[in-house]
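**Student:** Annotated ATP binding site per Swiss-Prot: LYS23, LEU24, GLY25, GLY26, GLY65, ARG69, PHE178, ASP181, in sequence order, evidence recorded as sequence analysis. Swiss-Prot lists GLY64, ASP84, MET145, GLY146, LEU147, PRO148, TYR149, PHE150, SER151, THR152 with the feature UMP binding site.
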Amino acid sequence: MADSNVAGRAAPIRPLYTRVLLKLGGEMFGGGQVGLDPDVVAQVARQIAEVVRSGAQVAVVIGGGNFFRGAQLQQRGMERTRSDYMGMLGTVMNSLALQDFLQKEGIDTRVQTAITMGQVAEPYIPLRAVRHLEKGRVVIFGAGMGLPYFSTDTTAAQRALEIGAEVVLMAKAVDGVFTDDPRTNPDAELITAISHREVIDRGLKVADATAFSLCMDNGMPILVFNLLTSGNIARAVAGEKIGTLVTT
């Protein structure tokens, strides 16, 4: 991961948000490969630990794209529901890995899954998740919604609403939402603030349609930012002006 110069921050961060839902793409956990990159997971865990120590409550949803992507497996002839369940299992592997590295950072962490896996995780119980957060624990939601055809973006939006998070922090491998694809258009400009409605009107991509509709209909802000810059999770929680903030 690229390191930013954060040595100049003299005081600990002061969180703007009390409770956040952090959405992490599974592809980043693999470092661009199939499987897990321990260095990436460790770096993410350090960033989350910094935020928790500042007093913020953090819940996490992780994708499983570094292991399986149901839609892609379907294109190769696999039955969609079965391939989606395989993807859900991938999210659990990522969740357990992040839990391990957070525990090594001294952060008490619970994994809750939408599919019962009693030996490795708690079942998803919203009130229990909130109680864990109030006690300063990180809660990682694994196995997506537990239903095929629903993405982990949708899971992030739904879980954020149900646990009373103030914002969905959508961590990406880019700096935010641009006017065009910056990989193909060097003149593409970063959009720092935009409304939910304008995102739709301009055809911009923030999250999948179901997830975005949930956030728009319920007034849930989304902050899209670059996870690959060290310290950005803390900056996002502190309300520093990074990435793209989508509000009603």
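Glycine is treated like the rest: Cβ placed from N, Cα and C.
Because the structure is a prediction, the values reported are computed rather than measured.
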**Student:** What's the CA-CA gap between LEU147 (UMP binding site) and GLY25 (ATP binding site) in angstrom, rounded?
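**Tutor:** A Cα-Cα distance of 18 Å.
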**Student:** Between SER151 (UMP binding site) and GLY26 (ATP binding site), how many Å separate their Cα atoms?
**Tutor:** 12
**Student:** Going along the chain, which residues six or more apart from GLY26 (ATP binding site) have their CB under 8 A from its CB?
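**Tutor:** Listed in sequence order: ILE62, GLY63, GLY64, GLY65, ASN66, PHE67, GLY90, THR91, ASN94, THR152.
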**Student:** Would you please pick out, from the binding-site residues TYR149, PHE178, the one with the fewest other Cβ atoms within 10 Å of its Cβ?
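**Tutor:** Selected from the binding-site residues TYR149, PHE178 on minimum Cβ neighbours within 10 Å: TYR149.
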**Student:** Let me know the most crowded of the binding-site residues, choosing from GLY25, GLY64, GLY65 and counting other Cβ atoms within 10 Å.
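**Tutor:** By the 10 Å Cβ neighbour count, GLY64 comes out on top.
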**Student:** Across all chains shown, how many C-beta atoms besides its own are within 10 angstroms of the C-beta of MET145 (UMP binding site)?
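**Tutor:** Around MET145 (UMP binding site), other Cβ atoms within 10 Å: 19.
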**Student:** Fill in the CA-CA distance, PHE178 (ATP binding site) to TYR149 (UMP binding site), as an integer in Å.
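**Tutor:** On Cα coordinates alone, these residues lie 27 Å apart.
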**Student:** Based on DSSP, name the secondary structure state of LEU24 (ATP binding site): helix, strand or coil.
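**Tutor:** Going by the DSSP assignment, LEU24 (ATP binding site) falls within a strand, counted as strand.
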